[in-house]
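Below is one structure, written out as structure tokens; the observations come after it.
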Amino acid sequence: MAKIHNLGFPRIGKHRELKRALEAYWNTDIEQQEFTKQITQVREQHYSAFDLLDYAQVGDFSLYDHVLDASFLFGNVPDRAKVDNTVENDVDAYFRIARGRAKQNDCCATHAGEMTKWFDTNYHYIVPEFSSSTTFMLNCESLISEIRTVRSRGFEVKPVVIGPLTYLYLGKAIDNSNKLELLEPLLKEYKLLLQTLAKQGVEWVQIDEPALVTELSDEWQFAYKYAFEYLNDSGVKLLLTTYFGDLAKNLKLACALPVAGVHIDAIRAPHEVEILAAKLNANQVLSVGIVDGRNIWRTDLNRALALLKPIAEIKGNNLWLAPACSLLHCPVDVTIEQNILAEIRPWLAFAEQKLEELEILKKALTNTPSNSVFEALQNNQNIIAARKASTLATNFSVQQALSQIQQSWLTRSDPYKVRINAQQALLNLPRFPTTTIGSFPQTAEIRKTRREFINGDITDVTYENALKAQIANCIQQQESLGLDVLVHGESERNDMVEYFAAFLNGALTTQFGWVQSYGSRCVKPPVIYGDISRASSMTIQWTQYAQSLTQKPVKGMLTGPVTILNWSFVRDDQARSLTTKQIALAVRDEVIELESIGTKIIQIDEAALREGLPLKKSEWQTYLNWAVDSFKLCSSSVASTTQIHTHMCYSQFNDILPDIQRMDADVITIETSRSNMKLLDAFTQFNYNNDIGPGVYDIHSQNIPTTEAIKALILTASEKVPAQQLWINPDCGLKTREWKEVIPALRNLVEAAKQLRVDHLSA
Ligand SMILES: CN1c2c(nc(N)[nH]c2=O)NC[C@@H]1CNc1ccc(C(=O)N[C@@H](CCC(=O)N[C@@H](CCC(=O)N[C@@H](CCC(=O)O)C(=O)O)C(=O)O)C(=O)O)cc1
Ligand SMILES: N[C@@H](CCS)C(=O)O
Ligand SMILES: [Zn+2]
């Protein structure tokens, strides 16, 4: 009989209990003892999800990030986490690397580990730091202790660890050394770990190697062979776990590795399941990731069974079923949602429901499924059929609008050089214009007021007035600071994607559909279930109000179509490119309306455009073609005098500069402060024409940049990009910062620009 297991479960909690415990501890509202107690309760949610499984995954829960956990597990802890030079493997040392630490009483300021995207998801991990002198030392006490706890509840455990190659792949060699030179010492600790687990009586270990779905060089392919041969015979069975794509050119390699089983993502690589079943030997387990871990649609169980049945014939007991990837990327439980349209709700399955689907599949694969299984399958078929037949997904006016798109809508009527002169004549901005990226601190007060509004405790008018007061304060602060281009501050937005989805036909938002983005920070990705169109104006009221308070230009602030797509749960019944085009038309409507009320500058954030790149480079161009076209579709129908800005937080543009140029935004603001403007090199090499605002204030840090530090960054930038093209701004939005940090930082930013203007004039 097939077995079912899980690769990982959401750890934030149904009601974000982990977030609340973490933030209370960080704010010193609770002591470590109380924190530990609360964390134990959060873990209970993990344990309750084990009931259906044949193997309980252990090691996927994390206080902050599972990659940082691996760094601590293998003793790759940066010196700055240590106190008095000893590796104090306690929770505070861990949080020091996770979040950094502000200087307190002139002591112990620490910068956080760099954060970056976990493959093509919206989850961020803490980047492991390597250098040629990195050493490793296994410290698996907490893993062993968790194994004991889970076993004591009667579950068969399956520890989960990131594989050695993926761990190295995800890290950064700070001295540019070859990371693979660390493989040998790292493998020693992996082997020790596996041997320790074997001694504990562990049978299976899930070893996550998603790097196997990327395009690997010969050197990395060879390293895979070497590593798994080295780990062979450690006393446990290894389940080589791949996800987020097909193995493609690494398939032969994966099948040749000496492991007891292989997991494959059958959502993104259904075409490889049969091949793998044939290639693995009879004793090897094939774990088929049959339930989508990256989306929230109910699985079509009959379709899944059609794929699984022939595999079950071949693999028999050695067929395992699982979600395609960790369920970390899904919310926990759809049954607690109260506001989802009754027709749509049955179409959705969150993490808990996905595990139930696996159980049905397992039972359906037995020789004599019970009546309740047939009923469950029938019920599932009814839901799938109802979704297919529903008229909710189709909107003929959207389809008509799509058919009326003209190629000319994708191009501005004048080239950048002509436009920028016309814009400058209108805006009359100084050299090195200063601006921010859009959001100002989302204070507890704003969130509380929004909660009261959602709960019906305050009226529309009270809420609107509260937001207007926030906007007025934001404008007044920016005027006092002397910024040149102002923003309204985005206080009306719960999130830069969810907020817009609430105004789109064909999309829905959830009450509790939280997904961890990093640490304690979460997002509620909207669900795009049908054809998208703009239901009403989305930002006009707030932009208009903000502009009425100042003579300075206020940027209209929108989220772009590719970012809305990439940060939503997307319909699976049409191409992503088509859905994006529909969103682009909706955003275009807003752009046109913003211009019609006199907005002179409109920023369309495409924070997720770069990160949405497929994991395989060979697939990049197809994506970039439609992604850039969608941006152009929403942004090009304005007069030459209207200045279009875009913003991207992840700025490694080396390989995609021609596409960034093709977007033809008048101004692009990007994250660069932490790289000391190195990321601008690509712009220099490519001779990028349009204006650029390289970030000079690292908003992820609590540190306030000095005027001198900002000036130095701008001077470095001006060596790479002509000064007349440069804007001065932070790296990203200020929503996660506090006013007491933002004010002095922006004061220094404006001062730096002022001083440079003088220097520039006298040069
Ligand atoms: C730019 N980033 C974004 C990404 N993805 C997005 N979808 N959005 C992004 O902005 N990906 C890359 C990065 C990730 N960065 C961040 C940064 C910050 C957050 C964050 O702060 N998230 C908030 C939740 C935001 C939200 O939806 N807030 C709601 C609900 C607020 C709330 O919790 N209210 C309380 C009551 C409050 C009270 O009474 O005091 C409640 O409901 O219980 C809102 O503002 O209304 C977070 O807190 O995690 C995420 C990603
Ligand atoms: N306008 C958004 C962009 C974040 S990527 C903000 O300022 O928060
Ligand atoms: Zn950003």
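We number each residue from 1, going along the chain as drawn.
Cβ from N, Cα, C; glycine included.
Binding of Zn(2+) is attributed by TrEMBL to His647, Cys649, Cys732, and the same site annotation extends, among Glu671, Glu708, Glu719, Glu751, to Glu671. Among Trp204, Trp542, Trp567, Trp626, the residue that TrEMBL places alongside Arg16, Glu17, Leu18, Lys19, Lys117, Asn122, Arg521, Cys522, Glu611 at the 5-methyltetrahydropteroyltri-L-glutamate binding site is Trp567. The L-methionine site recorded in TrEMBL includes Ile437, Gly438, Ser439, Asp605, and the single candidate from Glu490, Glu492, Glu498 that the record places there is Glu490. Fewest Cβ neighbours within 10 Å among the recorded positions Arg16, Lys117, Arg521, His700: this applies to Arg521. Here Arg521 (5-methyltetrahydropteroyltri-L-glutamate binding site) is positioned 19 angstrom away from Ile437 (L-methionine binding site), judged by their C-alpha atoms. Not one of the binding-site residues Arg16, Lys117, Arg521 places a Cβ under 6 Å from an atom of ligand 2. There are 26 other CB atoms within 10 A of the CB of Leu18 (5-methyltetrahydropteroyltri-L-glutamate binding site), with all protein chains counted. Note on proximity: of the binding-site residues Gly438, Glu490, Trp567, Asp605, the one nearest His700 (active site, proton donor) is Gly438, by Cα distance. Among the binding-site residues Arg16, Gly438, Ser439, Arg521, Trp567, Asp605, the residues whose Cβ sits under 6 Å from any atom of ligand 1 are Arg521, Trp567. Taking every pair among Ile437, Gly438, Ser439, Glu490, Asp605, the residues recorded as binding L-methionine, the greatest CA to CA distance is 13 Å.
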